[in-house]
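Record features (Swiss-Prot):
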ACT_SITE  ASP239  active site, proton donor
BINDING   ARG48, GLY49, ALA50, ARG91, GLN198, ASN249, LYS250  substrate binding site
SITE      CYS159  site 'Transition state stabilizer'
Amino acid sequence: MEEQLIPIQWKDDALVLLDQTLLPNEIVYESFKTAESVWDAIQVMKVRGAPAIGVSAAYGVYLGIKEFAESTEEGFMDEVRKVCTYLATSRPTAVNLFWALERMESVATDNIHLSISQLKNRLLEEAKEIHREDEEINRQIGEHALTLFHDGMGVLTHCNAGALATTKYGTATAPMYLAKEKGWDLKIYSDETRPRLQGSTLTALELQRAGIDVTVITDNMAAMVMSQGKIDAVIVGCDRVAANGDVANKIGTLGVSILAKYYNIPFYVAAPTPTIDLKTSTGKEIPIEERDASEVINRFGKYSAPKESKVYNPAFDVTPHENVTAIITEKGIVKAPFTENLKKLFQ
């Protein structure tokens, strides 16, 4: 088993990120010391995965205000709001981004009686706390998910909701790591996940390094492996869960959920509670990021379609709650009726 890759670290007053755009061929850690550089890292997907984006943005708030010289409370709060508003524009779909930024702004507001120097330190401590909490949340999700799994089962996952998308364990992969600790032998199938291939470049990489049995398949092989009886459960992460249980996740998740429903295979969604957005009634209200055409037709520096091709490249799709068997959170497993039961998590 190789050393686990660490996607997010705080070192020497800087955010240190594993550049995930270079995986699996290069392992490169890069330091970020400004809010602008953090914004860029999120936007170009050097860091990705809803929880990891939220943690990075929280550190980005501190980096954006740490050199701020304004001595008045009002001036400082204006700057905090400005930095939060700016970082919120990096990617629109992952609700953890907005949750983390709102939390940082609230901490500044609640502690406005402190000196400016103390406020800056308080914001850094809050970013570190968000970071610490994420690791514990992931383990709790894994423990709950493991009650739905058994030794020897075949599990399909899509995209990367692993340790590289969070801070440790991952969400959808958390039960895989915990199963390994128990001595179980799960057989994981990882969709490559077009167009950015997070399933093959990230999920397969981290599971392989952890000594977990993982097989890469192309996205259009999912129906085949299900029909062959190789899949006992599907588990995916998510970028946002609406109040009714609709789930926004990486493009292709919807198709996997439809296949799972057809073959009567449980379809589980691993979702930290910060990813659940009760302000969004249904999946129709979730903004879907569209990315550049080059990701589809010029992924590796050579065109795989005519250069002038029209390209539609949504980064996410929405899986209706009817296709979801259960949503697994750190607080427990939620089943239908989702509107009622998701609300109970926050009471």
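Every residue gets a Cβ built from N, Cα and C, even glycine.
Shown on the structure are the features that Swiss-Prot records.
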residue: ARG48; record: substrate binding site; Cβ contacts under 8 Å, 6 or more apart: GLN20, ILE42, ASN160, ALA165, GLN198
residue: GLY49; record: substrate binding site; Cβ contacts under 8 Å, 6 or more apart: PRO7, ASN160, ALA161, GLY162, LEU164, ALA165, THR166, GLY237
residue: ALA50; record: substrate binding site; Cβ contacts under 8 Å, 6 or more apart: ALA94, VAL95, ASN96, LEU97, ALA165, GLY237, CYS238, ASP239, ARG240, THR275
residue: ARG91; record: substrate binding site; Cβ contacts under 8 Å, 6 or more apart: ILE42, GLN43, ILE53, LEU97, GLU289
residue: CYS159; record: site 'Transition state stabilizer'; Cβ contacts under 8 Å, 6 or more apart: ASP191, THR193, GLN198, GLY199, THR203, VAL236, GLY237, ASN249, LYS250, GLY252, THR253
Secondary structure at ALA50 (substrate binding site), reduced by DSSP to three states: helix
Substrate site, defined by ARG48, GLY49, ALA50, ARG91, GLN198, ASN249, LYS250: further same-chain residues with Cβ within 8 Å of the Cβ centre: ILE53, ALA94, CYS159, ASN160, ALA161, ALA165, GLY237, ASP239, ALA315, PHE316
